[in-house]
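Asker: Sharing the feature lines straight out of Swiss-Prot:
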{"type": "MOD_RES", "residues": "Pro3", "note": "N-acetylproline"}
{"type": "MOD_RES", "residues": "Lys14", "note": "N6,N6,N6-trimethyllysine"}
{"type": "BINDING", "residues": "Asn123, Thr173, Lys177, Arg295, His327, Ser379", "note": "substrate binding site"}
{"type": "ACT_SITE", "residues": "Lys175", "note": "active site, proton acceptor"}
{"type": "MOD_RES", "residues": "Lys201", "note": "N6-carboxylysine"}
{"type": "BINDING", "residues": "Lys201, Asp203, Glu204", "note": "Mg(2+) binding site"}
{"type": "ACT_SITE", "residues": "His294", "note": "active site, proton acceptor"}
Amino acid sequence: MSPKTETKASVGFKAGVKDYRLTYYTPEYQTKDTDILAAFRVTPQPGVPPEEAGAAVAAESSTGTWTTVWTDGLTSLDRYKGRCYDIEPVPGEESQFIAYVAYPLDLFEEGSVTNLFTSIVGNVFGFKALRALRLEDLRIPPAYSKTFQGPPHGIQVERDKLNKYGRPLLGCTIKPKLGLSAKNYGRAVYECLRGGLDFTKDDENVNSQPFMRWRDRFVFCAEAIYKAQAETGEIKGHYLNATAGTCEEMMKRAIFARELGVPIVMHDYLTGGFTANTSLAHYCRDNGLLLHIHRAMHAVIDRQKNHGMHFRVLAKALRMSGGDHIHAGTVVGKLEGERDVTLGFVDLLRDDFIEKDRSRGIYFTQDWVSMPGVLPVASGGIHVWHMPALTEIFGDDSVLQFGGGTLGHPWGNAPGAVANRVALEACVQARNEGRDLAREGNEVIREASKWSPELAAACEIWKEIKFEFEAMDTL
């Protein structure tokens, strides 16, 4: 029989439950340059003071638990705890508050978005004292962002690889997204690329299904790329979706794409996971592949205004995890995206330094130092009449992706691609000549359609198409 032992708590330990705000609400705290800062939209349960709710978020996403524990005495709580250092009411919302929380850098593993999110957006989102909780923004200090590789290549390197400058890049998602055989799929890719597009794309749920196994698709798409390049003299690409059920299978697909000599692969980074995405991004940099990122599943996380996580946080996480393109809404198409908010996180993807600007939803100044930028992709329900607005809103460093707006052309895929390329070139030229695309955009398209029958046909077929719904993602 083992001897009876007794563990004595340290002097000063007092068991029981105490208010979080006694330890984790510290309005006098001065944030450090190395702190990771978070802005949470907090909706407390009735009767819970906002200070207690904010402190609870800080505690449960860092060192705290529901009761006092004697092992607190074995470490420095002041060094490692998260701190709710400010709370402000949300204008127009009676029971919502923005709680600002500072986390010391040592709480997080270097170079791991997975670990960062496990703490900051982990169990705390199921906390009973809160009716709802949304992470609006994060400030990632250079001391932490420099532990990440970031995008495999970035905007300038991609332009140099493709030898394409001075305009947005043009893409197209192949439709129908499911059901085509690999050979017919490759044929659609070829028609779009020879018509003038820079890229074509696997849809997010094209992986390796019975009707089209991944290896067959990769081979036929590579054939289409090389044939279109030979005919046009331009470098072309197709986003070959390497997303798979295991990381090993994903890497096998990326390796095969590299062996085929194609320029770019694709990953669904939310459904695939940040660990898989970061692994793929490292492989892409080491092997000269560009990496296109699809955000499938993002609206499950970011669409509700009072619970979840804003896409600007997912965008920052992707820039650290690694990707050269990411879908970012259109402002004018069928998918969610309000202009000022969308441009806020577009700047967070592309620029080196972004000032705090609450009018665009940016809660913190963000300094990426030398981390490469990510090209935002505008995709979803857009067509030639949207081209002036897209050119004006997103600028040159973007990818404009027309799926139905290419493949739905009455004359076929190649004429659809021609129409989009002519419209884009006309808008870029008009902008460079000093014309106001916001006011004169439709006239620019009409003028170009006079000498392009492909564009004229596209203008006619989509002249009445509009997606006029109020955006959910507003400030």
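Cβ atoms are placed via backbone N, Cα and C, with glycine included.
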Asker: Rank aside, I only need the closest one: which of the recorded positions Lys201, Asp203, His294 has its C-alpha nearest to that of Asn123 (substrate binding site)?
Answerer: His294
Asker: Give me the count of other Cβ atoms within 10 A of the Cβ belonging to Thr173 (substrate binding site).
Answerer: 24
Asker: Counting Cβ atoms within 10 Å of each candidate's own Cβ, which of the recorded positions Lys201, Arg295, His327 comes out highest?
Answerer: Lys201
Asker: Expressed to the nearest Å, what is the distance separating Lys177 (substrate binding site) and His294 (active site, proton acceptor) at their Cα atoms?
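Answerer: That comes out at 14 Å between the alpha carbons.
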Asker: So, in DSSP terms, is Thr173 (substrate binding site) helix, strand, or coil?
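Answerer: The residue in question, Thr173 (substrate binding site), is strand (DSSP, three-state).
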Asker: Fewest neighbouring Cβ atoms within 10 Å: which of the binding-site residues Asn123, Ser379?
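Answerer: Result for the binding-site residues Asn123, Ser379: minimum number of other Cβ atoms within 10 Å at Asn123.
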Asker: Among Asn123, Thr173, Lys177, Arg295, His327, Ser379, the annotated substrate contacts, find the widest CA pair distance and round it to a whole Å.
Answerer: 37
Asker: Can you grab the distance from Glu204 (Mg(2+) binding site) over to His294 (active site, proton acceptor)? Cα atoms, rounded to a whole Å.
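Answerer: It is 7 Å, counting Cα to Cα.
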Asker: Using the Cβ centroid of Lys201, Asp203, Glu204 as the reference point for the Mg(2+) site, which residues of the same chain not in that list have Cβ within 8 Å?
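Answerer: Neighbours within 8 Å of the Cβ centroid, excluding Lys201, Asp203, Glu204: Thr173, Ile174, Lys177, Asp202, Asn205, Val206, Tyr239, Asn241, Met266, His294.
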Asker: Given His294 (active site, proton acceptor) and His327 (substrate binding site), what distance in Å do their CA atoms have, once rounded to a whole number?
Answerer: 6
Asker: What kind of secondary structure is Asn123 (substrate binding site) part of, going by DSSP in three states?
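Answerer: DSSP assigns Asn123 (substrate binding site) to helix.
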Asker: Whole-number Å only: compute the distance from the Cα of His327 (substrate binding site) to the Cα of Asp203 (Mg(2+) binding site).
Answerer: 12
Asker: Would you mind checking how many other C-beta atoms are within 10 angstroms of the C-beta on Asp203 (Mg(2+) binding site)?
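Answerer: Summing over all protein chains shown, Asp203 (Mg(2+) binding site) has 18 other Cβ atoms within 10 Å.
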Asker: Using all protein chains in view, find how many other C-beta atoms are within 10 Å of the C-beta of Lys177 (substrate binding site).
Answerer: 14
